[in-house]
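Enquirer: Just lifted these from TrEMBL, have a look:
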type     : residues         : note
BINDING  : 10, 12, 134      : Mg(2+) binding site
ACT_SITE : 10               : active site, nucleophile
ACT_SITE : 12               : active site, proton donor
SITE     : 51               : site 'Stabilizes the phosphoryl group'
BINDING  : 90, 92, 105, 107 : Zn(2+) binding site
SITE     : 108              : site 'Contributes to substrate recognition'
SITE     : 109              : site 'Stabilizes the phosphoryl group'
């Protein structure tokens with residue numbers, strides 16, 4: 001089976017401003033450089049969104065409400081000629097109050113479950129894929145899935161706690177989304193299907 005590399009994307013704080021527990025499409029705007037950057041990335045990568053949505057487990061909004069937001073957001077991307085190949089979200093939080101979502105799971109970042117499911121669904125080449133997020137939990141999820149990870153240092157990571165866990169060390173720290181895209185383009189590797197070798201882009 002032919003495999004393809006992907007860019008795994010955190011939603012809140014990375015693609016759009018982080019408005020806690022928001023499910024109102026009218027409040028959504030894209031962070032600076034996101035549209036331009038995604039247009040560039042989709043030339044060579046699948047685009048996959050992976051998002052923690054603990055507000056469901058906390059009873060702040062429903063799965064249906066988030067699904068409506070999800071489809072509205074995908075429509076916004078389409079209006080900008082951006083194809084999102086997959087959109088995965090985790091509704092769980094062990095500290096929540098709503099069953100069956102108030103439980104430990106393998107999909108809530110920093111766990112890698114959403115990325116692995118996407119890899120299975122879309123035949124993704126994980127070693128040549130990237131995770132882009134704005135907190136170290138995103139970085140760790142990418143590393144655990146076998147990807148390379150980039151942290152956008154926009155102020156949303158406030159703890160910077162590694163606890164000796166090297167999986168939380170990003171491969172690159174970017175000041176904004178476009179800088180992350182530029183770094184990926186510099187490091188981009190193409191697969192030579194005939195020789196079955198990876199070749200570095202120069």
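Just so it is clear, glycine is given a Cβ too, placed from its N, Cα and C backbone atoms.
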Enquirer: Relative to the Cα of residue 51 (site 'Stabilizes the phosphoryl group'), which of the recorded positions 12, 92, 109, 134 have a Cα no more than 10 Å away?
Expert: 12, 109
Enquirer: CA-CA, which of the binding-site residues 10, 12, 134 lies nearest residue 105 (Zn(2+) binding site)?
Expert: 10
Enquirer: With every protein chain in view, what's the tally of Cβ atoms within 10 Å of the Cβ of residue 10 (Mg(2+) binding site), excluding that atom itself?
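Expert: Total other Cβ atoms inside 10 Å, all chains included: 26.
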Enquirer: Within the chain of residue 90 (Zn(2+) binding site), which residues six or more apart in sequence place their C-beta under 8 angstroms from its C-beta?
Expert: 51, 52, 53, 54, 105, 107, 108, 109, 113, 114
Enquirer: DSSP three-state call for residue 107 (Zn(2+) binding site): helix, strand or coil?
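Expert: DSSP call for residue 107 (Zn(2+) binding site): coil, neither helix nor strand.
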Enquirer: Any idea what DSSP makes of residue 92 (Zn(2+) binding site), helix, strand or coil?
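Expert: Its secondary structure by DSSP: coil.
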